[in-house]
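Here is what TrEMBL says about this protein:
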- K502: active site, proton acceptor (ACT_SITE)
- Y726: active site, proton acceptor (ACT_SITE)
- R600, M775: substrate binding site (BINDING)
- 705-830: domain 'Alanine racemase C-terminal' (DOMAIN)
- K502: N6-(pyridoxal phosphate)lysine (MOD_RES)
Amino acid sequence: MYNAESISKVLKGELLQHTGNPEIEHILLDSRKLTFPETSLFIPLVSNRRNAHQYMEEVYEKGVSNFVVSEPLEPGKFPKANIILVKDTMNALHALVAFHRQHFHIPVIGITGSNGKTVVKEWLYQLLEKDYNIVRSPKSYNSQIGVPLSVWQMKPEHTLAIFEAGISQPGEMEHLEKIIRPTIGIFTNIGEAHSEGFLNIRQKINEKLVLFSKSDLLIYSKDYLALNECVNAFHNVVGKKDNHEGGLQLFTWSRKTDADLRIIAVDKNNNQARIDALYKTEPLHITIPFVDEGSIENAIHCWALMIHLGMDQAVIQQRMDQLGNIAMRLELKQGINNCSIINDSYNSDLGSLTIALDFLQQQHQHPTLTVILSDILQSGKSDATLYEEVASLLQQKGINKLIGIGKNIGREKKSFQQITDLKSQFYLTTEEFIQSFNSQDFQHETILLKGARIFEFERIGKLLEQKVHQTILEINLSAVSHNIKQYQALLQPSTKVMAMVKAFSYGSGSFEIANLLQFHGIDYLAVAYADEGVELRRTGITMPIMVMNPEPSSFDAILQWNLEPEIYSLHLLQQFEEEVIISGKTNFPIHIKLDTGMHRLGFEKKDIPELALRLTDNEYLKVKSVFSHLAASEDPSKDLFTKLQGELFFEMSHELQKALGNAVIRHISNSSAILRHPNLQLDMVRLGIGMYGIDSSNEMQLRPVSTLKTTVAQIKHLETGETVGYGGKWVAKGPSVTATVRIGYADGYPRRLSNGVGKMLVRGQLAPVAGIVAMDMLMLDVTHIPDVAEGDEVIVFGEGLPVQQLADWAETIPYEILTGISQRVKRVYFQE
Ligand SMILES: *Cc1c(COP(=O)(O)O)cnc(C)c1O
């Protein structure tokens with residue numbers, strides 16, 4: 001049990017203010033995620049962009065009374081609080097959780113590596129949950145912040161812990177090692193991904209190995225040669241350390257050479273893989289319901305661990321056979337009757353429920369938030385306490401409707417019925433719910449499906465989700481967040497960000513992206529037309545929105561919905577001012593666009609005196625910002641031109657500002673200027689394409705945001721000389737196989753990619769377009785790719801096939817491809 005006094009001792013902090021010792025149970029880092037104010041300890045972290053100390057007042061008002069801070073405070077500001085002063089709040093967080101970890105003497109599995117960490121962790125959970133009471137990292141919580149939050153969940157009733165650790169820079173693993181202190185290590189693999197902060201692959205491996213400095217056992221594959229060499233060197237050092245009882249034992253496996261677990265054969269058929277191995281000369285095998293190489297590797301890691309734990313082969317085989325898919329992400333899909341569905345129906349525990357509820361609470365597109373929740377198994381708590389806690393979570397997150405499924409949750413229904421604004425219904429089984437399902441009961445709701453695996457909530461998902469055409473555009477919201485952070489890192493802390501969400505957020509969908517941007521505290525949004533802005537307002541977006549093409553016919557809407565027009569001519573200024581006067585409003589925000597060389601829209605230098613005259617002491621209009629647009633910020637050969645645009649902008653905006661008397665926000669940079677012209681950052685930047693993962697210079701570490709996917713409708717076997725598609729433009733040069741896929745030019749796939757110009761990824765390999773792209777379908781030549789089957793997924797662009805590549809083939813720019821994807825292609829959103 002922790003309280004302010006004991007935590008202060010652990011942290012060797014100064015107890016600046018001490019008013020009592022209520023029990024502390026939760027660590028709160030993000031004020032938006034506050035759930036249990038009385039028992040939370042708020043630790044405001046400080047980075048170069050954000051200083052969470054600014055949220056202290058907010059959480060104090062909501063009832064938080066315990067704080068660890070690194071800044072002196074105004075005396076008397078938080079009279080009821082306990083305040084511990086430390087040098088650095090991140091170090092304090094790490095030290096506190098490392099202290100917590102020391103109290104547990106159970107096996108702790110630490111997982112690191114480039115890929116597969118989360119799958120291995122979740123599979124181990126599936127494989128071992130019958131034998132242990134397991135605590136594990138929620139989702140992919142593996143960072144400097146995610147790891148402490150994961151380990152803090154350890155409670156006396158747990159008998160096994162599984163945590164993952166990921167790093168992006170040298171020096172980070174040392175902190176994570178102290179917090180996780182794994183007794184058993186798994187090093188999944190090593191790849192080139194995320195290597196930004198590292199000199200080379202060996203440095204990266206050695207840094208990751210730090211996690212196992214005090215471990216008893218390390219499981220890894222010898223087939224990664226650099227990894228094997230580094231592990232051997234590491235073993236020579238730590239194996240002999242005095243403070244390391246018994247040293248580090250290695251458990252190796254290999255498909256190529258002698259190892260503890262020698263894999264001798266992998267046979268794939270019918271979506272199953274049988275893996276045969278020798279363990280100490282004993283032949284063993286498992287079968288898993290997956291055939292991809294990643295899954296095979298992940299399963300072998302789990303197998304090695306189960307062997308090490310001394311588990312019975314028959315049990316191992318039986319459980320491997322039932323490995324399930326892992327929901328790596330929270331998906332937001334379109335549902336029936338104008339509902340949105342978040343399907344997280346693969347597991348259910350308090351940690352992941354909290355994350356899913358946060359995601360649900362961030363959605364504003366429908367008036368009702370609904371949760372369909374199964375029994376939560378193996379929480380280690382009594383049902384009464386557990387569902388009491390779940391009920392208060394639902395209340396805190398503002399959930400309107402609960403459907404509880406299962407014996408236990410039903411037995412505790414009183415906890416939920418006490419909450420006034422929560423409607424609740426209970427069913428004994430999923431079957432019972434499905435029997436009484438009436439689709440009309442769900443209208444305009446955002447629905448979270450959260451169930452333990454045995455409840456088979458995917459069956460409920462099928463009833464609620466809209467059947468989609470099999471071509472979808474997947475949007476990775478976590479990648480958008482990542483990309484924004486990459487650009488923010490290039491900005492001064494005071495520079496504001498306007499996010500460009502015009503053209504349906506460059507094809508990625510409007511409110512879903514805007515919602516995320518609002519959540520991230522972006523300062524401004526910009527759309528091209530007023531109706532796009534109205535749509536955002538209707539779905540609950542409250543932040544300021546600039547409209548770049550305010551047509552007179554849309555002035556009404558602009559005034560009614562508080563949108564902020566870009567004004568680019570004296571004529572437009574006059575027209576808009578008249579509307580404002582009629583509406584009776586004053587100080588209505590506008591943005592002044594200057595033309596500095598793009599020659600598209602904007603005031604010219606000669607207009608400034610007249611403009612200044614009209615705006616000075618104008619009680620109807622208030623200039624929020626002055627801006628211009630660069631014509632060639634991405635092009636080094638045009639840097640002189642860009643510089644001149646910048647200078648002209650300084651001059652013109654200065655002149656205007658002098659006349660107005662008050663300071664206005666100035667902005668001129670788009671995505672590529674943020675990177676290439678830091679001196680043009682000014683007061684705000686306008687981030688567009690970069691947010692969606694595209695940077696023509698390739699210098700940013702961006703993540704792709706959208707993946708366009710479709711499926712194979714039919715396979716054709718052709719003889720030499722047979723032709724494919726309209727006009728018979730493609731002729732089989734030998735016996736050939738083609739796959740007909742469900743995408744055509746009506747979906748936005750350019751027709752000029754016909755006949756081998758464009759290619760798509762099938763089973764990880766490039767397949768050229770065979771023949772002419774038709775309206776709704778096209779054919780791919782898959783002769784060289786074994787085993788392509790109907791229903792196979794086909795990647796049009798995304799991970800492994802960048803949209804830039806597609807744009808190059810089509811001799812256009814990624815902007816055109818992205819915004820050209822037709823609205824009939826359903827967007828599916830997810831968060832990792
Ligand atoms: C679209 C747009 C941007 C964003 O440009 P990117 O190159 O996508 O970053 C910025 N400013 C204006 C005026 C725009 O129209």
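Each Cβ is built from the backbone N, Cα and C atoms, and glycine gets one as well.
Cα-Cα distance from Y726 (active site, proton acceptor) to R600 (substrate binding site): 41 Å (rounded to the nearest whole number). Sorting the recorded positions K502, R600 by the number of other Cβ atoms within 10 Å puts K502 first. With DSSP classes pooled into helix, strand and coil, the tally for the domain 'Alanine racemase C-terminal' (705-830) is 22 helix, 49 strand, 55 coil. A 10 Å cutoff on Cβ-Cβ distances gives Y726 (active site, proton acceptor) a total of 12 other Cβ atoms nearby, all chains included. Counting every protein chain shown, the number of other Cβ atoms lying within 10 Å of the Cβ of M775 (substrate binding site) is 10. The average pLDDT computed for the domain 'Alanine racemase C-terminal' (705-830) is 94.
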